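Working notes, structure below.
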Amino acid sequence: MKLFSSVNDVADINALAAEALKLKADPYAFQHLGKNKTLALVFLNPSLRTRMSTQKAALNLGMNVMVLNIDKEGWALELQDNVVMNGTTVEHIREAAGVMGQYADIIGLRSFPGLKNREEDYSEMIFNKFVKFCGKPVVSLESATRHPLQSLADLVTIEELKSRPRPKVVLTWAPHVKPLPQAVPNSFAEWMCKANVDFTIAHPAGYELSEEFTQGATITHNQQEALADADFVYVKNWSAYEPYGKMPAVTEDWLLKNDSLKDTNNAKVMHCLPVRRNLELSDEILDGPHSAVVHEAGNRVWAAQAVLKQMLEAM
Ligand code: CP
């Protein structure tokens, strides 16, 4: 594997999830693979889980790791081509990515969308330029439209905790106070559409995701109906795809509580984190037996390790 940016970069998602669970059982079995190899993790946006879990995964494989919060610690980056750089930007992404490619064997990049210009965000302009100019294998640490390391960890969690061969998985929209990217739900949807699950998406009218990511899913505006017989409930806020980055008014109560789960198959509740308590998810769920959110975050290590292992093996 030379690029991990979406489910389309993975030959067999079930094999990759199984590999992650094998690494969970024996984390240090492949330390020789990463000897004298360097992973650079480059962040244009904040992170707790992605940063620490990917770092841990690389260390488990014997790699050296460098982390750069380029938005705070690097030179101000110019992302557009053919501009006179007489403003606030100091270094062009062409040189910055090229130089980082000289120092690292694998690079991870996080670049969130601006949520202003849909065409620019959905073209993955920043991520794709970085891939092009660094010249090294690249792992997405969450791009404008996808968060594949999260989605792989989510699949691993479902495989690990499922109580029947083809579980019902429901992605449900949750409230928020500000517009959030569609990257996590887009990515979760495209992975679930390829996984061996019965997959439903529930959201209020106006919050339709791009059809590019939801082919094969059942889509409804009725949360309670969607939750019936669910084994896993994945909670996430996202802003509208059309009108892009906006928050159409929602009058119904979409905040999940214990009572919302009464018709589920004793569902496990998942969330990528960070989560705003009692806005996106209630205390009673997060602190109760249904919550799988911390377990899910723990699986981020094994997902990242499975991806890095495949990249090291391909060198
Ligand atoms: N879920 C997730 O990616 O968490 P961070 O933003 O903290 O990395």
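Placement of Cβ uses the backbone N, Cα and C atoms for every residue, glycine included.
Residues or ranges marked as carbamoyl phosphate binding site by TrEMBL: Ser47, Leu48, Arg49, Thr50, Trp75, Arg110, His147, Pro148, Leu149, Gln150, Cys272, Leu273, Arg300. Secondary structure at Cys272 (carbamoyl phosphate binding site), as computed by DSSP, is coil. Long-range Cβ contacts of Cys272 (carbamoyl phosphate binding site) within its own chain (separation 6+, distance under 8 Å): Arg49, His147, Gln150, Asp154, Val184, Lys236, Glu296.
His176 (N(2)-succinyl-L-ornithine binding site) falls within neither a helix nor a strand when secondary structure is assigned with DSSP, and so counts as coil. Among the features that TrEMBL reports, N(2)-succinyl-L-ornithine binding site is placed at Glu142, His176, Lys236, Arg276.
Marked as domain 'Aspartate/ornithine carbamoyltransferase carbamoyl-P binding' by TrEMBL: 9-160.
Feature annotation from TrEMBL assigns domain 'Aspartate/ornithine carbamoyltransferase Asp/Orn-binding' to 184-310.
Taking only the Cα positions, the spacing between Arg276 (N(2)-succinyl-L-ornithine binding site) and Ser47 (carbamoyl phosphate binding site) is 15 angstrom. Checked against ligand 1, the binding-site residues Ser47, Leu149, His176 give Ser47 in sequence order as having a Cβ less than 6 Å away from one of its atoms. Looking just at the domain 'Aspartate/ornithine carbamoyltransferase Asp/Orn-binding' (184-310), the mean pLDDT is 98. The local packing around Ser47 (carbamoyl phosphate binding site), expressed as other Cβ atoms within 10 Å of its Cβ over all shown chains, amounts to 17. In this structure, the CA atom of Glu142 (N(2)-succinyl-L-ornithine binding site) is 8 Å away from the CA atom of Leu149 (carbamoyl phosphate binding site).
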